[in-house]
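Trainee: What follows is a single structure, and I will ask about it in a moment.
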Amino acid sequence: MDHHAKDVTATEIEHTSSTSPASLKPIEENDALHGFQAEESSLPKGYYRSSFFIGTMFATGLGLAAGVGGFALAAPNLAVINADIGPDANLAWVALVYTLTLAVGLLLVGRLSDLFGRRWFFICGSILALIGNIVAATAQSIPALIGATTLIGLAASTQLSFSFVSNELVPMKYRFLTNAWLYLWTVPISGLGPAISKAFILRTSSGWRWCYYLMIILNTLSGLLYFCFYHPPTFNMKFKNRSKLQQFKDFDFVGCLLFTGGLLLFVMGLSWGGGLYPWKSGHVIGTVVSGALGIVAFFLWEIYVPLKEPVVPMHLFKNIEWVASCLLLSLGASVYYAMATIWPSMVAVLYTDDGGASMYAGWLNCISGTLIVAGQISAGCFAVAIGKTKFQCITALVIGGALLGAMASCTSESKDRAIALMTVGCFAIGWNESVCLANAGIEIEDQQEIGTAVGMAGSIRSAISTVCSSVYTAVLINRLGQTIPAEVPPAVVAAGLPASSVPAFLGALTTGNYSGIQGLTTEITLVGVKAYKEANAHAYSTVFLTSLAFSGLAIVISFWSPNVDEKMTGEVATTLHQRDKTLVGENKLYTESKV
């Protein structure tokens, strides 16, 4: 977007001390990559040891943990929550509103903070998250929890924008490592979250509410750190001879409405399918089709209408390396979503005898998330040293896709095999995601559009992951509807259960209450439970085989993914400043354009 690049002022500095190091010089821009404000060698000596930089990194890490945990800790325990403050038929909306608000919010936060400055978006995001978690922690009904989760999802749009907030502050060569530092903050939430939330329920008097009490603490700390230490360039520093009012007038509100409405309807329809409504219902078909048409209208509007400040600069989609990075980020995540959809059910049905209610089940459920995060952290630490990120993505997707597809071979008798396949497969998928997320911010021509580029990548990831999750859920439901009737009744009838008692026995399999079923003995129960486990295993197998379609597509696309070795330089897109607008670590004054 040429006019945008022209409006970004270079880093203008005046010396106020003759003893200060060399001045911070603007980067020479070229046709391939531009929008940088500084070079690592010209930054003040104490810049990366300053309280402002360190405080910002801690604020971003705490915010990321809070954004993930705002829903991830409560999600495995929605049935427990519903039993406490419900029951309510609208329970599914707790998960749905988080998905919807996050899907549309990531792009809007990235784009608007590119255009108006980031500081207050992220401070207000922490405040909104704090309010949402307070409401959730004190909720006495499911509708109150739905409202609270809506606020949490909106706030998470800022908190899960961690990549561009942190990456623009460091030299290009340290962007992967910076992401690794931030992924560390998600270990207790994404990795150990199922066990932590289970412990809250089993071992605290407040039970599930501690999932939100913890987030209140994290959001408070993150918000305070952002307020005290996060001082990126202000609007007046970013734009010369332009007012905020003019920027507001130039913004593409029609495109914003089309994008928001289209994506909301599309994701909502997919999330409804097979759950709240049958796939063939008018609710699902109407919202999916309307949403898809809205998204098409959005892209046509952005392409053919001359806009001063579009929601998404269409030149991003002419960059094949950026597009490939976004798609690989999305498809790699979609393979993982097969695990997120199936593994908790496998643990509850195949590998525990208590329906997944024990701490042991909580620890087993940690495997997939922990290894995903381990892969993300490892890639952040070693991707640059290894080099050739294209081949890293190809290798990771081949290994991850193959091993997670091989989960189709697992039964109730092969828990160790399932754990081994998941351990390596999820690690590989996490590696791919870490590389592709960093590349989504590296593979853009104008680094002043990093928020838009990474935000759009996040929204694409949410949309595609929802599509894939819907496919997995539909496949699982359809297969269970086939395998259980085909395998369980013949087994229990052959073991001696009267045919008239079969419907009651099938119902008891889900509740665990077998009392009062005519003709049922302990031996018949054991036969029926084993048949039920095998029927579920056969259904799970189909879902894992289905994931091979998405991993195969990802492997093909990975051949267009970028190698970024030559871009691992000391160039910095954005620098932090102290409250008096002097550069952090130095007594040098930014000249601020007057509007």
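Positions of Cβ are set from backbone N, Cα and C atoms, glycine also.
Pulled these features from TrEMBL for this protein:
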- 1-15: compositional bias 'Basic and acidic residues' (COMPBIAS)
- 1-25: region 'Disordered' (REGION)
- 52-79: transmembrane segment (TRANSMEM)
- 56-566: domain 'Major facilitator superfamily (MFS) profile' (DOMAIN)
- 91-108: transmembrane segment (TRANSMEM)
- 120-139: transmembrane segment (TRANSMEM)
- 145-170: transmembrane segment (TRANSMEM)
- 182-201: transmembrane segment (TRANSMEM)
- 207-230: transmembrane segment (TRANSMEM)
- 251-272: transmembrane segment (TRANSMEM)
- 284-307: transmembrane segment (TRANSMEM)
- 319-340: transmembrane segment (TRANSMEM)
- 360-386: transmembrane segment (TRANSMEM)
- 539-560: transmembrane segment (TRANSMEM)
Trainee: What stretch of 52-79, 360-386, 539-560 shows the most Cβ pairs under 8 Å to the transmembrane segment (145-170)?
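Mentor: The stretch with the most close Cβ contacts to the transmembrane segment (145-170) is 52-79.
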Trainee: Under 8 Å for C-beta pairs, could you tell me which stretch among 319-340, 360-386, 539-560 has the largest tally with the transmembrane segment (182-201)?
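Mentor: Ranked by Cβ pairs under 8 Å, first place goes to 360-386.
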Trainee: Might you confirm whether the transmembrane segment (52-79) is in contact with the transmembrane segment (251-272), defined here as three or more C-beta pairs under 8 A between residues 6 or more apart in sequence?
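Mentor: Contact absent: fewer than 3 Cβ pairs fall under 8 Å.
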Trainee: Which residues, given as numbers and ranges, are at least 6 beyond the ends of the transmembrane segment (91-108) yet have a Cβ under 8 Å from it?
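Mentor: Answer is 70-71, 74-75, 78, 81-82, 142, 145-146, 149-150, 152-154, 156-158, 160-161, 256, 259-260, 263-264, 267-268, 271-272, 275-276, 311-312, 452, 455-456, 458-459, 462-463, 466.
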Trainee: Any chance the transmembrane segment (319-340) and the transmembrane segment (539-560) are in contact, meaning at least three CB pairs closer than 8 A with a sequence separation of 6+?
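Mentor: Result for the transmembrane segment (319-340) with the transmembrane segment (539-560) is yes.
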Trainee: Among 120-139, 207-230, 539-560, which stretch has the highest count of C-beta pairs below 8 Å with the transmembrane segment (52-79)?
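Mentor: Out of the listed stretches, 207-230 contacts the transmembrane segment (52-79) most.
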